[in-house]
Structures are given as C-alpha cells and as structure tokens.
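**Student:** Pasting a structure here, questions to come.
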Amino acid sequence: MANSTTPLLSNHQDQEFPKLNDHFSSLEQIIDPFFDTCNGTIAWPQILQVMLVSLACFFEAQQTFITIFTDAIPSWHCVSTNTSCNSMSNVCQLSLTEWNWDKPIYTSIVSEWSLHCFTSSILQGLPASSFFMGCLLGGLVLGVLGDSIGRKTMLFFGCLIMSIASIFIAFSDNVWMYSALRFLSGYGRAAIGSSVLVLCSESVGKKYEGKVGTIGFFMSTFGFVSLPCLAYFSKDYSWRVLYLLTSLPAIVYCLLIQFCVYESPIWLLSKGKVIEAYAVLNTSHLKNESSNLDHNKLSFTTMSGSDPPLIKILLRKKSILGQLLLAVAAGFGIGLMYYGMPLGLGNGNFSLNLYSSTGLNALLELPSFLIVFFLVEKCKRRSTLVGLSVLSGVCGMLCMIASERKVLQMVLELTSFFSACTAFDLLLIYTSELFPTSIRNAAVSIVWQGVVLGGVVSPVLVDAGGDSNNKILAYLILGIMTATAGCLVVFLPETKGLEICKNIEELEQKGSINHV
C-alpha cells in the first residue's frame, strides 16, 4: 500500500505530485478529471461497466417476484356430480374424489405439497416471508461488509449466494427445505441492490452519477417483465423449471462479474489503495488520441484517517445515526405502498390473468425509471421525495374509499404505485449522496432493507383487515404512514450538487452533518 512519502509510480519518483488535503479536497475533485475523458461524454468502458454491473438487478428482480408463479394457488374443477361441489366450495372440505386441479400438481408448490389446506396462516405464508426475512438479515450483515471488502466483491458474493440457493430450491423435497433455501436466496439478494447503485455511481464522474444510478432500476424492471414471459412458456412444466431458467444464467453472470467488472476507484482511494485505483483508471477509461492520462492529477497520498465500521460511527455520531434512521423511516413508508399496492390490492381489481396482471404491474416501473433518469440531476431531493410520498399515501387511501367506482379506483391505485416506485428510486440515489464513501454501501443497504420491511408489513396489515370496512381502515393507516414517513426527509440535508466526501471527518469539515 502506498504511503504519504511514496510516489504512485516508480518511474515518477522525482516528480512533484499534488497531495490530497484530507480537510479541503474531496475524492470527487481527484477522480473527476480522469472520468471526463471524451469531450464531456462517458467513455465506452464506463458504459460497459455500468451495464454489466446493473445487469445484476435483472436476476435480482426475477428471484424477488418468482413466487408469484411458483407459489400460486392453481385453479381447480369438480369431477363429481355431487351438488355439494361447486365453484364456491372450500376444497379442503371436499373429498379428493370430488375435485381435481386444472393443471398437474407439480406446476405449483401449493398443489404439490398441499399447502392450500394448511390450518396455520403462518405456515401458508412461510415460503414468501422467509425470502424477505433473509433480505433483512443480509442487508444488515452484507451491506456493512461492502464498505470493507469492496463493492465488486460484495456484488459477486451476493449474486453467487442467491443463484446457488435458487438452483438448490429446484430440488427441494418439502416446504421446510424450500423456505430455508428461499431465506438463503434472500440473504444473498440483499447485497445486490446497494452494491449495484454504489458501484455504478462511483464508476463515473459526478455529472453522470445520478443517471447511471438509475440503470439498475431499469434492469430490475426488465427482469420483472421477463418473469411472466418465462412463467407462461413453462406453465405446463414443474415449478422447478422456472427456478432453473432464472438461476442458471445468473451463475454465468457471476463469472462476468469476476473477470469483466472492475472495482470502484473511489472506494480504492478511500482505502488507501492508490496504485490499484490508478490501474483501474488507466485501463478502464477511453482516451482521445490527443489526450494522455495525466499522472500528476492523481494523488499518491494514502488516504489517512479511514473510518471505523458503521456500528461504531453510529454509536459515536448521533447526528449520523439520526440521519440514517430518518432515511430508513422514509424507506419504510415508501415500501408500504411500493409492495403493498400490487401485492395487496392490484391482483384483486384487474380482471386479467396472472401473467397479464403481473406484466402490467412490472411495466408501470418503466416510466418511473425514465422520469428519475432524465430529471435526477435537476430536481431537489427532499421536496421531490416529500411530494411523491404524500401523493402515494393519499391515492392509496382514496383507492379503497372509491372502491365502488372501478375506473377511478384503478387510476388512484396506479398513481399510488407509480409515485411509490419513483420515490423508491430517488430515495436510494439520495441515500448514496447523503453518506460518505467509507459507509455509503452500508447506509444504502440499510435504507433498502427499510423498504423491504415495509413490504413485509403492508400485506400483513391488509390481510388482517378482513372485510371491506376494515380493509378501508387498513389502507387509511398505510396511506397515513407513507405520507408521514416521507415527510421526515425535510430534516435531512439537501444533496443536489454537493461533492462526494470520503469519510466522516471530511463530511464534518464541510458542515454537511446536521444535528437532528
């Protein structure tokens, strides 16, 4: 590792290099000249890096929503002339000779393992909830490790754990093994989203970091849209086939990460790995023929005063803890509607089949991505998040009140979900700008898990509503919580146009930490 008295390259030992002042120079000021290579445009190796990294979200979305099809309750029909069997009957109260599934039992885990007659609602929801429980634990553990072992390494292991667990799921013998492997798959999935966002943002200059941070959301939407297509063409085969179709390509992608993706140069500099950072910048960015890499622009000074782990920082810096808690609370509120609307309400109101309704919900995320992509550099983070959260919460409440007017209800529902999607995308970009490089990956991961927690709570709250009157009350509560949680970001600092800080010391020196 380079030190404060050793030059970056051995053949430049006699030259004078500008040193990095930890208090008044940011990593962004050092890195930006190397990113700005082609007359202000992004070089093709940077584009390739961003696309390869963002592709992880394609596979992550497939594994997140795959249970919509593998865990679906199949349709059934009566096979006897007994008048006690009709479309309104409870199959668990009928004899096995009176009814049968419309498709072979191996098309869903529900029919294969007879989960439809479980007396405990907890056991019925165990396979789905175990995945999100794994996401929560993985976000707390792997998200923190990302700031220690690197963005690329964390992305590789996250994808590898998720894809291997999904392959083994295809060979599950019972619901308990299935749920345990879904938990492990969720554990690995938790590291993907935050690693993609941070690695993409730190692979380009400040001018483009907001836009490239949204590419992962686009890939996630594409992965979600591809899922009903794969499920439709494999609908007559075992549910295990769908897991293999989505997990085997992910294994190949893990190899691409290992050999084709490079580490974040900003993270390397924050860890004092200056020579490695120089190697990344020198080999991964296209230069014009008349433009040579200026070694003198890269500081050879080892980054001193690196931050301790996030837990220690939160215990010592109450202001950082306050900011993180506010961001998590906002994420939780957004997650209530982001997951709650399509899972708890959408499928019940659209008169479409399972494949069409899922595809429609997935396609709705595309315009959300486009809005964030084109406006992220122009909009203020705080006011935009407040507006989107309030809009999502109010429309979520009104869509249940207007249940008698189906067209109006559908418009309100889609508006609520669309606002939540846009707020979700913007919140993660905002979080990556809010915290310094040394703890950015951990902070983004924790906020992401706040959104996931909202997704765990919202269906439970809606299902607990029972009849229509109680469901209206449940959605009123969801809407109020979403709007209130979103408004908490007004206590956070605005980050639009601010420079990247490498550690807490530099953040404090610039006065970017607000005491909350």
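Glycine too: its Cβ is placed from the backbone N, Cα and C atoms.
Under the heading domain 'Major facilitator superfamily (MFS) profile', TrEMBL lists 49-497. Residues or ranges marked as transmembrane segment in TrEMBL: 126-146, 153-171, 177-200, 212-233, 239-262, 320-339, 359-376, 383-403, 409-430, 442-460, 472-492.
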**Student:** Please work out whether the transmembrane segment (359-376) lies in contact with the transmembrane segment (442-460), by counting C-beta pairs under 8 angstroms that are 6 or more apart in sequence and asking whether there are at least 3.
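**Tutor:** Touching, no - the transmembrane segment (359-376) and the transmembrane segment (442-460) miss the threshold of 3 or more Cβ pairs under 8 Å.
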**Student:** Can you work out which residues elsewhere in the same chain, 6+ from the ends of the transmembrane segment (320-339), have a Cβ less than 8 Å from its Cβ atoms?
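**Tutor:** Same-chain contacts beyond the ends: 313-314, 385, 389, 392-393, 396, 416-417, 419-421, 423-424, 427, 430-431, 434-435, 439, 443, 446-459, 478-479, 481-486, 488-489, 491-493, 504, 513-516.
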**Student:** Taking 212-233, 383-403, 442-460 as candidates, which has the most Cβ pairs under 8 Å with the transmembrane segment (126-146)?
**Tutor:** 442-460
**Student:** Is it the case that the transmembrane segment (409-430) and the transmembrane segment (212-233) have 3 or more CB pairs under 8 Å, with pairs at least 6 apart in sequence?
**Tutor:** yes
**Student:** Using a Cβ-Cβ cut-off of under 8 Å, list the residues of the same chain that are 6+ residues beyond the ends of the transmembrane segment (383-403) and lie near it.
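**Tutor:** Same-chain contacts beyond the ends: 330, 333-334, 337, 340-341, 345, 409, 412-413, 415-417, 419-420, 422-423, 426-427, 430, 468, 471-472, 475-476, 478-487, 489-490.
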**Student:** Over the domain 'Major facilitator superfamily (MFS) profile' (49-497), what is the model's average pLDDT?
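**Tutor:** Taking every residue in the domain 'Major facilitator superfamily (MFS) profile' (49-497) and averaging pLDDT yields 79.
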**Student:** Short question: most Cβ pairs under 8 Å with the transmembrane segment (212-233), which of 153-171, 177-200, 239-262, 442-460?
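**Tutor:** Result: 177-200.
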